[in-house]
């Protein structure tokens, strides 16, 4: 399965160029109507942000005339502009720039578009001494008109669009956020620039709400909580983008894997295991080597004989391996569908600057499965996969705030393989299933994998951020490239259709999302440490251990805090570690065979003192409900 790591994560941004169907898409759903950050016209907000980036550059060149300008686009949640300046921007500089931007905005200056003859534009840029703009200009289509936008006595080479006047930009609805390094045109061999990031909104209230959510997002950052909860670490010696899972983190992974593995067995999946490397020929046959090579690690153990390229590569995907398992014997139509599943680790050669915590890594595990079905089985099996994914989301308390993105081919692009007919059949199958299931979906052209269209579930977390989670893909093309067959009822050899699916997607990224969604407060069934028993003094450690043994015998994850800390400190430590249930035991509890139950369930009072078996019944009830 082609699984794209980058998480669609935004506190506000809508999906661009959407085609909404069946009651709308996620950004127009009832759940979003009262979201202050979603009350803006996205096109208007884009113009405001783009124009604010121009105001930023105008202010910078007024305050620091030696600065050269490069590019300044609108981005999700704001804008940035890259500058070439001999000295670094300081926090004090940002305050001065922001003040100057407000002064400019309050002048209510028009932003006027002008078309300029090519030669005249070249002369202007040369006279200004703006080498970066000149380089951009020289790369423009010679037949296309060249335009600039003028604001007062300052102008920028730009195609737009922009607001008509700075009066449309509220002086208290934007803020400069930070300065970061950037290379000209993203090339490490080119000049290093300074990038100033900012955010802009229609109203001060929206800005305030955005900043509030960003502060909350910092508290929930999975990198911060991952360290505090002892789930994973990184090592410079191991390398960037390669997380190391600690015992608690590994246990969390195991819990998720076992949960899905057991459910898959109920639904007819068979577990397989495949190697981490393979001959490059495997990926040449699949097409990955030609369409995905830049994202793969380089060849290992290479040899060249008469110009032939040979060697091994670390796998970027699991599907070609599952195909080889299917192909190892001839199958009858009676055996189909065949559902092969694996928690397979794959490797992508991400650039170091693109790595980020668990959301963008170089080695990650995908809950990959590939179904080999007859054309007649495709619709039913696709719907069953969607049902499995929805079951997973419900079980993990992710709610119903999902929309479906139908990631289809851009027919004008050459990045895809396979025939038009194969693509049309696959896209039609996904569209029909989505309509039959009543999914709220939108079509995103150009988002398909290079060998097939897919349905991506888009999830909105507790902060209103959007993430891509589970994926289902229909594939007529790889069965053709690998010449897969089954024996039909009439004895003829026919091609199966493949369904690729991954409810979690990248397990690493999925865990990052869970950490941030729950702010580290995992549901009881999912928490690596479910219960911590706190003896009041050393005298009651033995009783605490006996309670732990009883819980462990019932396959609950329990620990005893046998430290010499006072009880208040033990309770605080348990709360900081976000252990769902704390059991306090002292003389009274030891004598009566009870425990004092403290719970972290929001809105639920502590259960008070209960007999051990009643406390166990309470825990088992919550575990059964996955709360």
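Any Cβ shown, glycine's included, is placed from N, Cα and C.
For reference, Swiss-Prot has these:
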type	residues	note
BINDING	319, 370, 500	Zn(2+) binding site
REGION	221-523	region 'Catalytic'
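On the structure: features taken from Swiss-Prot.
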{"residue": "319", "record": "Zn(2+) binding site", "CB count, 10 Å": "26"}
{"residue": "370", "record": "Zn(2+) binding site", "CB count, 10 Å": "26"}
{"residue": "500", "record": "Zn(2+) binding site", "CB count, 10 Å": "27"}
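Model confidence over the region 'Catalytic' (221-523) stands at 89, taken as the mean pLDDT rounded to a whole number.
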